[in-house]
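My structure is below; once you've seen it, I'll send some questions.
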There are 2 protein chains.
Amino acid sequence: MTTLFKAPAKDKAALEEGAALSPRFDGSGLVTAVVADSHDNEILMLAHMNEEALRLTIETGIAHYWSRSRNSLWKKGETSGNLQMVDEIRFDCDQDAVLLKVRVGGADATCHTGRRSCFYRKVVTDGGQTRLEIDAEPRFDPTTVYTDH
Amino acid sequence: MTTLFKAPAKDKAALEEGAALSPRFDGSGLVTAVVADSHDNEILMLAHMNEEALRLTIETGIAHYWSRSRNSLWKKGETSGNLQMVDEIRFDCDQDAVLLKVRVGGADATCHTGRRSCFYRKVVTDGGQTRLEIDAEPRFDPTTVYTDH
């Protein structure tokens with residue numbers, strides 16, 4: 001496997017203002033990825049990338065992640081058809097988080113529950129009680145798509 | 001300290017489809033927070049919240065986080081004036097990530113480098129070489145704002 005990335009700069013100014021892509025993978029070898037739709041910036045999901053997932057994403061233009069639950073490389077949408085075509089990749093100031101701007105294929109749904117975004121519930125507070133309220137409908141039926149779940 | 005939150009549901013359907021706010025704080029007691037501007041969904045930063053930060057954010061409507069580098073509660077913008085007024089709080093399917101939609105006060109800048117967003121660099125690939133390119137200007141001078149840095 002080729003390595004695209006430099007070791008993280010020890011110098012704060014180089015890390016924050018430099019042109020070197022030197023991701024700060026954590027103790028588990030991961031950076032956090034925020035995924036937003038290119039068209040309207042809707043935030044679709046949060047995931048994690050190891051070095052290989054980041055390299056494959058840059059090289060292929062299709063989003064790859066590291067699944068912490070399955071402990072394996074994860075080409076998002078391989079089962080559901082909701083692949084993510086990457087328009088832009090951005091890094092944050094201290095290079096431990098990456099932002100992907102994507103177009104979503106298939107049913108244009110990212111969440112495994114069938115909804116467009118994983119953030120389909122808002123926090124509502126009434127009379128001191130706090131609860132979650134769903135305000136998005138599924139775009140596909142997960143029971144017919146993920147037959148091995 | 002009052003506790004607003006229930007223990008995470010063991011049942012997947014309850015966790016994903018239920019109305020109970022039961023954040024899945026990790027081994028360090030944190031959930032990941034994505035912060036976006038209410039007006040245009042621009043992604044401003046990624047941060048972390050412990051139970052107290054989440055409770056204070058819900059109760060006060062001003063974003064609070066847990067600073068992993070300083071190991072302390074962090075009222076974002078207390079030094080710089082760039083406070084985050086929270087319009088909406090959303091949770092993701094498995095309740096280990098929170099999305100805040102905010103309006104930013106002061107210079108309308110979130111990054112400690114003075115820029116609007118922490119994601120001020122995009123990944124550029126030319127002839128097999130990958131680098132970062134800055135495409136946003138500072139909105140304030142951090143050297144005059146953070147005098148203890």
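Glycine is treated like the rest: Cβ placed from N, Cα and C.
What you are looking at is a predicted structure, and each value in this text was computed from that prediction instead of being measured.
Residues or ranges marked as domain 'Phosphoribosyl-AMP cyclohydrolase' by TrEMBL: B:45-120. Residues annotated as Mg(2+) binding site in TrEMBL: B:D92, B:D94, B:D96. What TrEMBL lists as Zn(2+) binding site is B:C93, B:C111, B:C118.
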Just to verify a number: CA distance, B:D92 (Mg(2+) binding site) to B:C118 (Zn(2+) binding site), in angstrom, no decimals.
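A Cα-Cα distance of 22 Å.
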Under 8 Å Cβ to Cβ from B:C118 (Zn(2+) binding site), same chain, six or more residues apart: give me those in sequence order, or none if nothing qualifies.
B:L44, B:M45, B:L46, B:T110, B:C111
In sequence order, which residues at least six apart in the same chain have a CB under 8 Å from the CB of B:C93 (Zn(2+) binding site)?
B:L15, B:E16
Within the domain 'Phosphoribosyl-AMP cyclohydrolase' (B:45-120), what mean pLDDT does the predicted structure show?
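When the pLDDT values over the domain 'Phosphoribosyl-AMP cyclohydrolase' (B:45-120) are averaged, the result is 97.
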Minimum Cβ neighbour count within 10 Å among the binding-site residues B:D92, B:D94: which residue?
B:D94
Enter the number of other CB atoms within 10 angstroms of the CB of B:D96 (Mg(2+) binding site).
17
Which secondary structure state does DSSP assign to B:C111 (Zn(2+) binding site), in the simple three-class scheme?
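For B:C111 (Zn(2+) binding site) - judged by DSSP and reduced to three states - the answer is coil.
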